[in-house]
Amino acid sequence: MTSKCTLPDLPYDYDALEPIISKQIMELHHKKHHQTYVNNLNAALASQASALDSNDITQLISIQQKLKFNGGGHINHSLFWKNLARYDSPATNLERSAPSLKDAIEKQWGSVKNFTDAFEAVLLGIQGSGWGWLVSSGKTGFLEIVTTKDQDPVTGPIPVFGVDMWEHAYYLQYLNNKASYVQNIWKVINWEEAEHRYLNGTEELGSLKL
């Protein structure tokens, strides 16, 4: 293994999402939770390299779940930080920042309100820990709301934006009131980034660049 995965810097300060997401949550979420996924992913990759060198098939098989869980945690959080923006910044205005995506949403769901209601229902329907995503099929631009369990990443379609529904993403501030977290998250969604991912996905197919 020639290089290690690293924790990405946030594109804003830890208090930039207040009052929607507190500074305390952002610091713990980024410095502790995401860093742990990175550390464990690097350890799993090192074990994989060792197993490959020794041709230890049993060891290779045994570490696949660690690679999936921690690799998914790293991918999902790296996307999540980018699809959030400073509270009240221009990027959080859907109409101005994501006209193409807004048109596609209205075409498929009838209105933005219908879409946000549907997305919130999916998020609140997640049992245990997981993620809710708006994804694009690629060149067709077809949009879909999907969920992934635990830290499973989106594979196949292009993730336009995602919402972390693990308790560590909201509990210190919202306690067991998940509905308030889900309703408020729209105020810090980075629609400018979502528009970029949507347009990039409809113009070319390929692996998503973090």
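Cβ atoms are placed via backbone N, Cα and C, with glycine included.
Record features (Swiss-Prot):
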- His29, His77, Asp164, His168: Mn(2+) binding site (BINDING)
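The local packing around His29 (Mn(2+) binding site), expressed as other Cβ atoms within 10 Å of its Cβ over all shown chains, amounts to 23. In this structure, of the binding-site residues His77, Asp164, His168, the smallest number of CB atoms within 10 A of the CB marks His168. Summary of the Mn(2+) site environment: with the site residues His29, His77, Asp164, His168 set aside, the chain residues having Cβ atoms within 8 Å of the Cβ mean position are His30, His33, His34, Phe80, Trp166, Ala169.
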